[in-house]
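Since the structure comes first, as structure tokens, the remarks are kept for the end.
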Amino acid sequence: MRTRRVSPHFPQDQTAACPRRRNAEPTMAQLVGPLRKELADSLSSCRVLVVGAGGIGCELLKNLVLAGFKNIEVIDLDTIDVSNLNRQFLFQKKHVGKSKAQVAKESVLRFCPSANITAYHDSIMNPDYNVEFFRNFQLVMNALDNRAARNHVNRMCLAADIPLIESGTAGYLGQVTVIKKGQTECYECQPKPTQKTFPGCTIRNTPSEPIHCIVWAKYLFNQLFGEEDADQEVSPDTADPEAAWNPADAAARATASDQDGDIKRVSTKEWARSTGYDPVKLFNKLFKDDIMYLLTMDKLWKKRKAPLPLDWTEIQQIESSQEEACGTGLKDQHVLGVQGYAQLFRRSVETLRSQLIEKGEGAELVWDKDDPPAMDFVTAAANLRMNVFSMNMKSRFDVKSMAGNIIPAIATTNAVIAGLIVLEALKILNSDFDQCRTIFLNKQPNPRKKLLVPCALDHPNPNCYVCTSKPEVTVKLNVHKTIVQALQDKILKEKFGMVAPDVQIEDGKGTILISSEEGETEANNNKFLSDFGIRNGSRLQVDDFLQDYTLLVNVIHSEELEKDVEFEVVGDAPDKAPAPSAPEEEKNIANGNKDSAQPSTSSKAAEDDDVLLVDSDEEPSSSTMEASPESSNRKRKHCDADTDDAASKRKRLDQQPADDDDDVIALD
């Protein structure tokens, strides 16, 4: 008998996936049988937008073409990194440095050449992808790894009135939910905890918060003294998609060092060993040479403050009187100066080098926050990087409290979640929206032996500052200390997720405070709000035309904000929800991450839910939470019956922190 070799990554016979008839258009066969003809036809004609081509996105694109979807558009700003290859199976080593969206398209077409797939190597937040663009689709599916993009897609789908299927993973945990204007909670209906996961290019190139520098310092420890991990690279990311919008430029950057002359790439650890772990050479490479290289990636600094390199010799010339530690109380609570952290860096490197020598050739150290030299190293390296990027430095106590564990991306979790996304899509196209669910994937079976727990979708929050008919928020700030630039960047863009806001003061004159048109109001940026007559009780009309979104901001002047707090959102939106007439749970809409994205549910569930593989009835979230300690950080909703006991458990759970999503670094 003759046998045939089969590729492990693609169908054994492409004609099985897309059987061809002579002089006939190729057709899908896998799932046409189980589906009604009307639904199969809907899949074939439906236009779908997939946002993200990473861990979930790769699995999702494969599932879509094999299910019968023929018209797919996919967008992703990122390029392929070596660390992606262990779970993003559409990519191979030869693709490193290339556009994820484009390569994913080419790979998926091998499953079904008849599919019509369009790939965009771009940011979904680009103004080109406006409301009219979104209206071209019947479904939008998110496979993202950051909250800003999730917020944006949520608003665009609301404006275009297109169903959105949101998803995300965190280690073994995952989640899928459906968002429909006027029928369900939107992604922003509930306040989110502070994001705790970060894309790799943020860690390596553009840190903006102390936690970014702390994660970088922990990675640096492993790269120098511990077990090297491709996911924990600390050198500048030469293929940063934001630095090179042209895919060819990104690919060229990724391979440049292997092609230029006799340059040979070596790992951080190999280079450090070649210097004998010289603290001064390490210092100048990490905080001077690498930073100067980052400055050559000028696109990164058009809208950001550029980093300032540090030089060891210059730092040693700083007078000790300028380097007095600030802070009171215990020694660990003091914040040193740059020279103090430079000396701490030198001492910790020397100590860790000695520990390596004692352990012998090939030895590795393991980072432990309770190991003084290791903690000293991370504290020093993190604070020096904070100084480079113009952040306020932190005490050893603060750094230790912020450092946490890493949650890995799991390929199996991505595969399960991608499958659930398609099942929810089938319900929508089959006009069975009332059967759509939020589905949670747990790490361990709950007491009812379930790993997958579906919960009914919640109705929109009437006080959401995004999807309500007249969005309105109240912000407390000091009008004499808050400048217009801070209002734009930290409040409107960072807090409220706007892209290009225009702000008009309701003062009877229609004064334009901020304009999205370049150059129109730049002269206002460094002026205080009070300079424009803004005071307690003032109202600002904010419009983002890209998102088709209008927000009314009520200003409360306060001179009693906590230290280092620039503003507060009163109630931190939504604040004015009426008390429920029956016991009802607090919720947190989901993006598939433990941090902010848990979609909530409360209404009655379906008797026969095709996504529930273990059992068909639905599960109260309190049982789910008890089943797995890891999942206890997720706020989950009751599905059928709410009990007083379950509600009390929910209250306890709602006070716990959370993490983030797919393909990113997560910290406790």
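Each Cβ is built from the backbone N, Cα and C atoms, and glycine gets one as well.
Feature annotation from TrEMBL assigns compositional bias 'Polar residues' to 590-604.
There are 21 other CB atoms within 10 A of the CB of K192 (SUMO1 cross-link), with all protein chains counted. The feature SUMO1 cross-link is assigned by TrEMBL to K192 (among others).
Here the Cβ of K218 (SUMO cross-link) has 28 other Cβ atoms within 10 Å, regardless of which shown protein chain they belong to. Per TrEMBL, SUMO cross-link is recorded for K218 (among others).
Annotated SUMO1 cross-link per TrEMBL: K264 (among others), in sequence order.
Counting only residues at least six positions away in the same chain, the Cβ atoms of W271 sit under 8 Å from the Cβ of K285 (SUMO cross-link). Annotation comment: TrEMBL describes K285 (among others) as SUMO cross-link.
According to TrEMBL, the SUMO1 cross-link annotation covers K443 (among others).
What TrEMBL lists as SUMO cross-link is K649 (among others).
According to TrEMBL, the domain 'Ubiquitin/SUMO-activating enzyme ubiquitin-like' annotation covers 475-562. Mean pLDDT across the domain 'Ubiquitin/SUMO-activating enzyme ubiquitin-like' (475-562) comes to 91 in this model.
The feature region 'Disordered' is assigned by TrEMBL to 572-668.
Taking the Cα atom of each, K443 (SUMO1 cross-link) and K192 (SUMO1 cross-link) are about 22 angstrom apart. Its own atom aside, the Cβ of K443 (SUMO1 cross-link) has 16 Cβ atoms within 10 angstroms in the protein chains shown. Under DSSP, residues within the domain 'Ubiquitin/SUMO-activating enzyme ubiquitin-like' (475-562) fall into helix, strand and coil as 19 helix, 28 strand, 41 coil. For K192 (SUMO1 cross-link) paired with K218 (SUMO cross-link), the C-alpha to C-alpha distance reads 26 Å.
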